[in-house]
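*Asks:* There's a structure below that I have some questions on.
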Amino acid sequence: MTAPALPVFRRTPLRRLAGVDRLAVAGAVLLGIVVLAALLAPWIAPYPEDGGSATHPLEALLPPSGAHWFGTDQVGRDVLSRVLFGARTSLLIAVAVLAVSGVAGVILGVVAGYAGGWARDVIMRVTDIFLAFPALLLSLALAVVLQPSVTTVIVAIAVTWWPWYARLTASVASSVATRGFVDSARCLGVPAPLIVLRHVLPNSLTPVLVQLSLDGGGVILTAAALSYLGLGAHEPTSEWGLMVQQGQSLFTTDWWVVTFPGLAILVTAFSFNVLGEGLRARLSR
Amino acid sequence: MPRYLIRRLGQAVLVVAGVIVLTFAVMRLVPGDPAVAYAGPKATAAELAEARRRFGLDDPLPVQLWNYVRDLLGGDWGTSLHTRQPVRDDLFQAFPASLELVGAALIIALVAGIPLGIAAARYKGRLPDLSVRLSSMLAVSVPVFWLALALQTVFASGLGWFPVAGEYDASLDRTSPLHLYTNITAVDALITGNWPILTSTLSHLVLPALVIAAYPAGVVAQMTRAALIEESSRDHARLERALGFGETAVLTRFALRPALNPVLSLIALVFAYSIVNGFLVEAVFNWPGLGRYAADSIRSLDTPAIAGVTLLVAVLYVIANLAVDLLQGVVDPRVRAR
């Protein structure tokens, strides 16, 4: 009996691109557009001064038109310009939260996973306690305590977000720690900190990176919710959640003031989720 | 099983203890003097001192923590500064309304999410799969407060299909008063046969429950799809196919039951998340639940009330987690060994 012939694939660049999950590509492209909008906001916004505290009382609440694609808000600012500037606030919060909580979580997780024993028990019990608070709830309590600002939002969300990465890294690192190459490094007398840094850490990172891209959407939504409740960014900062809150009483008469910032939150969170989902599908294959 | 039960219960008690300490720590950080907030701005120095003594604010922190824990265990959750009622009574009043709303949302999520997940798994990689995956990702990406405002504007204020806000038509309290047993309006109306209030409550429930259902429905659809695909690639599925069962039969008759196990444990985890997500929705629809109570408490810097809400939701989460683990331990003995 002969083995069935395996199909032969040649690795042309086109094939390699097709092999990448199409969802991941779509998510990356969508997110790329949002990032570009954030970076280029001062140059592509039709009325850059409207991203701040400018007011034009005579042009208040104009419906969408050629001059103002997304209409104008209560004080006559161009909604499109504010939505573009709002991308800066949201992405800044997302990057800061993911960086801070990612680094903190990975460090604690890799220590817990490699060391095991009582260190693992202590770290995991502390993460259990933090995980018992839904992110929005603990951020809410913290945001009440601290003064409302963008920094407050970043701190409050990061405090609730790190345990997920600690737990994920710990479970991956503890299985990496039992692999042969870690054993051989230990036998060769490599000091423990170096083993963690050179061997365990790099081999535990992939699932965390996927989780980070999946969580970008969650951070954006939580930050927008805190600002909507008045616990985050305040005037004259352009922030999507804040724009929804300020315009909510006008929804029936002037729909554009609330609709476009909400859509911006939706599109940004969606692009993070599509990218993360695509990466996860690729990883689990 | 007893050893697993004891270990798991011990962990849960430890987490609840940590939750209490953390809540206490956050509470002590709240700006503003609770004594001033209670006694009012015109209070004399003597009244302030009296309030401070009453709340035990002069004691050292460890003593305050000890008193706090003792009071909690004794059923005293403090007095709300803005309603001037025991926080525990306030929570007992507000929680059933939240439970009603989130319960309805989770039912919608299961009823919509599981069939969508099955359809996606059945037509994996084809159009139905792609549309379910994309729409479930949209559902978890939508900001709830915005969706709540949008549905309220279009279907309540605009088209008038549903009431704008509240739990039921308050004028019905006079024409057909409701006897309370569970404090959950829809359930009490159902068991006492109070149809006017029941239909009014259900029509008030539709919009807010749909908004809260978006997130769990998306997660349930994704999870059902993933678990079904994994389950239908196992050996038993291969045997069933060899016996001549069609693909739909393999999925729904054999793969679905084991695949629902992770989905149900997911629902318990999503429950606490949905309660908090519901806070924003309750605020928009003026639903008399925990969210509205929390919003009022935040506005008036009502520390005992904020601590009470935080504690209640965190403990609920721990209980939900525990229940899931124990149930899975009963269903699947391998879990106990972990």
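Quick reminder: no glycine exception, Cβ is built from N, Cα and C everywhere.
Any TrEMBL annotation is an automated prediction that lacks curation.
I grabbed these lines from TrEMBL:
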type	residues	note
TRANSMEM	B:12-30	transmembrane segment
DOMAIN	B:95-328	domain 'ABC transmembrane type-1'
TRANSMEM	B:101-123	transmembrane segment
TRANSMEM	B:144-164	transmembrane segment
TRANSMEM	B:205-228	transmembrane segment
TRANSMEM	B:263-285	transmembrane segment
TRANSMEM	B:305-327	transmembrane segment
*Asks:* Do any residues, 6 or more residues outside the transmembrane segment (B:144-164), come within under 8 Å Cβ-to-Cβ of it, and if so which ones?
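*Replies:* Distant Cβ neighbours of the transmembrane segment (B:144-164) are 200, 203-204, 206-208, 210-212, 214-215, 277, 280-281, 283-285.
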*Asks:* Under an 8 Å Cβ to Cβ limit, what residues of the same chain, 6 or more beyond the ends of the transmembrane segment (B:205-228), are close to it?
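*Replies:* That would be 100-102, 104-106, 108-110, 112-114, 116-118, 120-121, 129, 132-133, 135-140, 142, 144, 147-148, 151-152, 155-156, 162, 186, 251, 255-256, 258-263, 266-267, 270, 273-274, 277-278, 281-282, 284-285, 287.
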*Asks:* Quick test of the contact rule: Cβ under 8 Å, at least six residues beyond the ends. What residues does that give for the transmembrane segment (B:12-30)?
*Replies:* 61, 64-65, 68-69, 72, 301, 303-304, 306-307, 310-311, 314-315, 318-319, 321-322
